[in-house]
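In TrEMBL this protein carries:
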| type | residues | note |
| --- | --- | --- |
| DOMAIN | B:124-408 | domain 'NADH:quinone oxidoreductase/Mrp antiporter transmembrane' |
| TRANSMEM | B:6-21 | transmembrane segment |
| TRANSMEM | B:28-45 | transmembrane segment |
| TRANSMEM | B:65-91 | transmembrane segment |
| TRANSMEM | B:103-122 | transmembrane segment |
| TRANSMEM | B:128-148 | transmembrane segment |
| TRANSMEM | B:200-221 | transmembrane segment |
| TRANSMEM | B:233-256 | transmembrane segment |
| TRANSMEM | B:294-315 | transmembrane segment |
| TRANSMEM | B:321-343 | transmembrane segment |
| TRANSMEM | B:364-385 | transmembrane segment |
| TRANSMEM | B:397-417 | transmembrane segment |
| TRANSMEM | B:438-457 | transmembrane segment |
């Protein structure tokens, strides 16, 4: 395992996951389509997962990888719930543009 | 069998009562509450035998919270009050045909569960959870089954809820601050927290706000009369008979030993405030035209005296507070029950529209008279023991406080006898007053028997509570 | 054996009460009356046994039942003692009590609640016995408040009439003012002496090394005296007693003349060792007593209700007793208590007999000439009137003379005040006698037809009491006093002996002449001139002030009751509204703030996300740039 980190330094993992995270974040902020926003959130989550795995190897500590499994399971559950909500929304207003979802305000 | 068993009976009883359906709910509630009472007696018996009846189990390690139900003289006595009054309160509701009665009785048991938990909890956070939990059932009981116009009632009940809830938050803040200092919520650890004078004052005030609203002490009492009037009789009894004793108990269990320096430094301010409440409540009671409101203000006066006694920080004051808590619990339940019986038959709560009951039901008049006399602390009733010790503790603090607090025995006689005359006497027999039924009479006899027996022989109660009070008093008197 | 008998003495009336209350309704009125009388008679029999035992040199009996209360400084036992003083009191409480129970069987005949009447009367006797028998202040306090309760129940016995209920309520509340004083007194004594047992306190004082603050002791005795004022109707707490006449007449005789109202004197005599230590308080007691005596007697001059006259005369006589107490002459006060119990009970019962014959009429303006039809009542009434007026050889002469003599030796002003009160007493009592029994009948024809002598159940107690009123003075004759001997173990201070010299005879002469002057004026005005008091509105001048009792009730209403109600109205309409408004104000404030704050919550998810991301960025920036 150590050779992987020897071949590609830990800093590269950090750069990559930062990049992925930023892509995700901008995606969430920029796009209006709820499905695409979901995908962006997934990208952010996976960026974090990647970083967790990388550091797990770096620190020789399996806890990080266990955590990733948790996070993946939670993400899957979250997507299932989220998509179900979106389906329900779509049935009601026939689109999933978040600009049309303004009813929930104070 | 330890004390957790009683909580389980009550909680299980609440669930079971809900599921047996409307028809059998009242009976189920009576059975479960009586079981809880019997279990309490058994636990007290075991406690007296020197066996272990406390229950301690770690709940979380960070933050460190323990499910700790400690049984000592103080908490067992209050537990006994709760479980003894609950069947009586259930009995008093028998004559009422409530809609959704299964929820009603389930909520009563749930409330008893929460209150019993509050009295037993030894861990601050657990105590806080029970404390707030007890607010939920009473909120629904008052809101759904209350009397009067629904909108007005809602306003008063919501005010009560938010008011007491907001007050409790200050207590939560105090607990959290204490946790940061000691790393524990257990009361013994909190007693030993090394706090500066300023910290003690703020913590004392945080607790005070929560308790002053719940008891209530003037000027935090404005929720009381309206809620007492509008809640159904059972709700009023739960509130005045047991729930406000939670706050009085907590003063002795939590507030005083945790912040003893502040308690000693500022005791006269708080005693004076409580004594002012005694006079204020008594005089206001004179002006009430609504029977339940009159009783509410008289309750304000009586509990003001209890709190004043607790703040004197003497053994007489603390013991008197406990005795009077029990005595007041019973007498106030009896009086509200009498008020409920009258208003059920006369369809009014206005004193001016009553009268001439004694001609029609001498039995009821006699029992009401005994309750009135207990309420004004006639020697021979349990209330006298309590008021005597309380006033004696006030006299030790300052003789004038005893004189001012003692006006309660004059003003109390004034408004209670005035009320008795207008409600019961005279020959205005225009409205028909059906004689008391066997069930009603039985309930009264239970209450009166307790008041008279312990009035003549109070030692089972005073001797039971004194050792624990002395232990707490050690913490209260340890000022740096 | 003694313990059981003592308990029987205490509990027999309680048993009578319980039986009458619980099964009395099923019994006929006479049966429940007999039940009540027997209950008290049993107590009397037991008392008599103990009395003879103790009078023959026997030891006082102590009964300790159990520990009642524990306080930081002292314990309170549920304990009783039968010593000389309590037995003496019990003798006339149960003795006169029995007579009045018998009298009531006939007097209350036919009342729908007669079983309750006897129940309450028995309960009263029970509490009175508790009061007298208790061996510490708290047990006395149980009896003290208990008799107040019974007094309340019996004054308002005819509960359909709200005037009677008002009188009952007033009696209870005014008594409670005194009771608060008593309670505070108990607190201070318990704190000072670490006990409330009479014996402990007495031992602490007589042991010689007493180390307590005398100021506090003075406050304590003053507080106890306030308690006595309430129960024994002294200024300023006397106004309830005349109103208490609303109750049935035997009740007035038992409670409001012979027994309950003497509880204050009993208490002070019981604690004579304490009061002896505080001479300032004793002076206050003497002055209050003397002036109560004068004021009540002067009000008595102008009353037309037969029972009101007797009520004010009771207040006045109690004042004389307090005068004696204040002068330290406890045995004299006790002597007067006993003779007063005899003749005043007889007077009240006699007036009851008159009222019975008159079918409830109490106004003397509509009586007159009754001696022709009511021979026994008249003669017994005459004997008692002579006794209260202080003419020898009737009992009242000896006791009153001793009080005045003691006053003369201590303070001439008090003696003058007491003497004037006595002259007034002689006047108004004969006024009452003449208006009621002499001249012609002034009532309606209907009433005249039904006039009759009362049945023997009523006249029997009258005769017994009249005999006692006649010879009762024998227990303490000048020069040879059985009573002083008997009481000497109770009184710590040496009993003063007044020599039967010229001064004594002169004082007796003055007293007799004073009484004769009072009687003479009454004779002249009501027999010779045949004067009859006019209607209420015709009364003018000073008589009007007297007739209206110096307007004391009105003054109390104006300066105490009204302000309390006004304060109540102020609290209700101003402070309550203000407190409540403040809380609602807080609620409105929160509401207003949230109206402003909800603008941020605009519903746009994109905006929320932007704020969310910016927030995180700023947190990260803060962490890194810190």
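Yeah, the Cβs are placed from backbone N, Cα and C, and that goes for glycine too.
Under 8 Å from some Cβ of the transmembrane segment (B:321-343) lie the Cβ atoms of residues 74, 77-78, 81, 85, 88-89, 92, 95, 228, 233, 236-237, 240-242, 245, 248-249, 252, 291-292, 295, 299, 302-303, 305-307, 309-310, 349, 354, 357, 364, 367-368, 371-372, 374-375, 381-383, 385-387, 389-390, 423, 433, 436, 440, 443-444, 447-448, 450-451, 454, 458, 461-462, 465, 469, all in the same chain and six or more residues away from its ends. Sequence-distant contacts of the transmembrane segment (B:233-256) (same chain, at least 6 residues past either end, Cβ-Cβ under 8 Å): 74-75, 78, 81-82, 85, 89-90, 92-93, 96, 104, 108, 111-112, 115, 118-119, 124, 127, 131, 134, 138, 141-142, 145-146, 187, 190, 204, 207-208, 210-212, 214-216, 227, 263, 292, 296, 299, 303, 306-307, 310-311, 313, 318, 321-322, 325, 329-330, 332-333, 336-337, 339-340, 469, 472, 476. Proximity of distant same-chain residues to the transmembrane segment (B:200-221), defined by a Cβ-Cβ separation under 8 Å and at least 6 residues beyond the stretch ends, is recorded for 163-164, 166-171, 173-174, 177-178, 243-244, 246-248, 250-251, 254-255, 258-263, 265-266, 270, 273-274, 276-277, 280-281, 300, 303-304, 307. The list of residues near the transmembrane segment (B:103-122) in space but at least 6 beyond its ends in sequence, with Cβ under 8 angstroms from a Cβ of it, reads 3, 6-7, 10-11, 13-15, 17-18, 25-26, 28-29, 32-33, 36, 54, 56, 66, 68-71, 75, 78-79, 82-83, 86, 89-90, 93, 129-131, 133-134, 136-138, 140-141, 144-145, 186-188, 234, 238, 242-243, 246, 249-250.
Long-range neighbours of the transmembrane segment (B:294-315) within the same chain, counting only residues 6 or more positions beyond its ends whose Cβ lies under 8 Å from a Cβ of the stretch, are 215-218, 221, 224-225, 228-229, 240, 244, 248, 251-252, 256, 263-264, 267, 270-271, 274-282, 284-285, 288, 321, 324-325, 328, 332, 335-336, 339, 351, 375, 386-387, 389-391, 393-394, 396-397, 401, 405, 408, 411-412, 415-416, 419, 466, 469-470, 473, 476-477. With a cut-off of 8 Å on Cβ pairs spaced 6 or more residues apart, the transmembrane segment (B:65-91) and the transmembrane segment (B:397-417) reach fewer than 3 such pairs and are scored as not touching. Residues 28-29, 31-33, 35-36, 39-40, 43, 69, 79, 83, 86, 102-103, 105-107, 109-110, 112-113, 116-117, 120 of the same chain lie 6+ residues outside the transmembrane segment (B:6-21) yet bring a C-beta within less than 8 angstroms of a C-beta in it.
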